[in-house]
Structures are given as structure tokens and as C-alpha cells.
Amino acid sequence: MNSAARIEAFLEMMSAERGAAENTLSSYRRDLEDASSGIDGGLAGAAAADIRAYLDDIAERGFAPTSQARKLSAIRQFFKFLYAEGLRTDDPTGTLDSPKKARPLPKTMSEAETGRLIDRAAVEAGDAGLGYSDRLAALRLHALVEVLYATGLRVSELVGLPVTVAQRDDRFFMVRGKGDKERMVPLSAKARVAMRAWLAARAGVPAFADSPFLFPAASDSGYLSRQVFARDLKGLAARAGIASAKISPHVLRHAFASHLLQNGADLRAVQQLLGHADISTTQIYTHVLEERLVRLVNDHHPLAD
């Protein structure tokens with residue numbers, strides 16, 4: 001039985017025994033036939049080295065890591081079938097590693113865009129012409145944005161902050177993050193001012209009087225939901241002339257980290273501020289460091305153009 005016949009037998013099994021959809025079968029067929037045509041002697045008799053060479057070839061042809069991984073998955077399934085049917089005495093895919101997916105760079109905002117966003121929040125918070133509920137919402141949003149950009153907190157950490165953070169008015173506070181680990185977070189003067197303004201407005205809402213949270217709400221958790229904050233943030237961005245699709249609380253956290261690194265912060269310090277347990281998580285920002293080094297050389301090297 002040649003490779004083409006064995007591929008057909010595999011597809012028949014996938015259809016009859018596993019109920020694979022037509023689209024799934026078509027995808028398997030394309031991937032297996034492409035592999036078979038790319039390997040001398042066909043796929044069914046291939047050794048591990050042959051399959052590895054094929055994977056190297058499609059990588060050089062520009063296939064994305066996700067496409068490479070999908071093709072390898074189809075090949076693995078094919079050889080499991082051959083082994084189970086007694087058509088192979090080994091599985092050559094057992095020693096092959098899946099292609100590593102490139103970690104996407106985090107979305108972020110420029111310093112100018114972030115400045116526009118925060119300035120807009122400040123203007124709205126100071127608008128005496130707003131009605132009571134709108135003014136309350138504007139003061140809350142201004143405090144949220146200032147604190148998020150000043151600290152780089154995770155959105156879940158931000159919305160669940162205790163009211164004591166604002167009452168103490170300290171330059172630092174402790175936050176409990178992932179894995180129940182605590183870390184010290186600095187607060188800028190602007191963030192403290194925005195929090196105090198919100199705290200004063202919050203004190204005038206009887207429903208909030210007994211809440212232990214800085215941003216209380218009538219929710220199951222007792223504090224503002226991440227979804228409501230994300231919605232309000234997108235609305236603020238649109239009013240600041242920034243595409244709302246470009247922004248989220250997570251993007252503002254990334255802006256905090258990127259802007260620190262652009263202005264000379266150490267990667268380890270940023271790791272601690274973000275609450276990353278492993279430096280490898282923070283290393284998604286190394287592109288910022290690389291850009292900074294290029295600028296440094298271009299600006300200061302005596303022979304730079």
C-alpha cells in the first residue's frame with residue numbers, strides 16, 4: 001500500500017470512527033498530501049529525519065509557526081493510525097518538537113496618546129457643568145486612569161483596591177497579586193491627587209459609606225467590574241481622539257512598562273513593578289530596550305551617521 005492509499009485509509013477512519021467534519025478531513029488531506037509530496041519516497045515510509053527536513057523546508061518557505069504546528073499535528077495523527085493498524089512498527093514523530101509560536105508583542109500606546117487620554121480624563125473630572133452622576137463617573141474614571149498608568153496594576157488588582165490606599169495618601173502601597181504574592185507599588189503625585197478627589201466625591205454617596213473598596217459598585221464582588229471600566233476607558237479614548245479599538249486596561253498597563261523602559265528603567269525593576277514571577281514574562285518588552293540601545297548608539301557614537 002503506497003502513501004496515497006494509506007492517507008485515504010486514514011481519512012476514512014477519521015470520518016467513520018471519529019466523525020470528523022468535512023472541513024477537518026479536507027485540512028488533513030491537504031497537509032498530509034503536501035508532506036507526502038515534499039518527502040522523497042512519500043510520507044508513509046518517512047523517517048524522523050525526513051519529517052524534520054520537511055518541517056525545516058516549510059519554515060523556510062514562510063509558513064507561520066501555527067501552520068507548521070497544524071501540519072505536524074496531522075502527521076502525528078497519521079502515524080498513530082499506521083502504528084495502531086500494524087502498518088508501521090514505530091512512530092517517527094515521537095522525537096519531533098512542535099514549532100515554537102512567536103510570542104506577540106504587547107499592544108501599547110505612545111506617550112503622546114497616553115498624555116491625551118489622561119488630560120481628557122482630568123478635564124472631564126474638573127467639568128463643573130456635569131450633572132451629579134456624570135461628575136461622579138468622571139472623577140472615578142480619572143482616578144482609575146491615573147492610578148493604572150502610575151502603577152501598571154493588573155485590572156483585577158486596580159478595581160479591587162481597598163479604600164485605605166486613598167485614605168492613607170502614602171507614596172507607596174502594598175498590593176496582593178497573582179499567587180497571593182504581595183508587592184510594593186509607588187504612586188505618583190498626580191495619581192494621589194486624583195484618588196483624593198474621587199475619595200471626597202465617594203464620601204457623599206451613602207451607598208458607598210460602608211464599602212471596603214476604593215471603587216465600590218452594586219456587583220456580586222462589591223467593586224467595579226473590569227468590563228465596566230474597560231467600556232468607560234474606550235469611551236474616554238474616543239473622546240480624546242484615540243481609536244477605541246486600540247485601548248484597553250491591559251494596553252495601559254503595557255504602556256506603563258514600555259514607557260518606563262524607554263526612559264531608562266531597568267528590566268528587573270519593571271518585572272517587580274508588574275508583579276511578574278518570572279523575568280521571561282517581562283522579556284516581551286526587550287524590543288523596547290533594543291530600540292533604546294539603537295538610539296543611544298546613533299545619538300552618542302562618534303562615527304554614527
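Keep in mind that glycine also has a Cβ here, set from the backbone N, Cα and C atoms.
What Swiss-Prot lists as active site is R154 (among others). R154 (active site) is surrounded by 19 other CB atoms, counting those within 10 A of its CB over all protein chains shown.
Using a 10 Å radius centred on the Cβ of K178 (active site) and all shown protein chains, the other Cβ atoms total 11. Annotation source Swiss-Prot lists active site at K178 (among others).
Taken from Swiss-Prot, the feature active site applies to H250 (among others). Of all Cβ atoms in the shown protein chains, 16 besides its own fall within 10 Å of the Cβ of H250 (active site).
For R253 (active site), the same-chain residues 6+ apart in sequence whose C-beta sits under 8 angstroms from its C-beta are L148, G152, L153, R154, V155, L274. Per Swiss-Prot, the feature active site maps to R253 (among others); the stated evidence is sequence analysis.
The active site feature in Swiss-Prot is assigned to H276 (among others). DSSP gives H276 (active site) a coil state; it is part of no helix or strand.
The annotation active site, O-(3'-phospho-DNA)-tyrosine intermediate is assigned in Swiss-Prot to Y285 on the grounds of sequence analysis.
Feature annotation from Swiss-Prot assigns domain 'Core-binding (CB)' to 1-83; the stated evidence is sequence analysis.
According to Swiss-Prot, the domain 'Tyr recombinase' annotation covers 104-298.
The average pLDDT for the domain 'Tyr recombinase' (104-298) in the predicted structure is 88. Across the fold, the C-alpha of H276 (active site) and the C-alpha of K178 (active site) stand 9 Å from each other.
Classification of K178 (active site) by DSSP places it within a helix.
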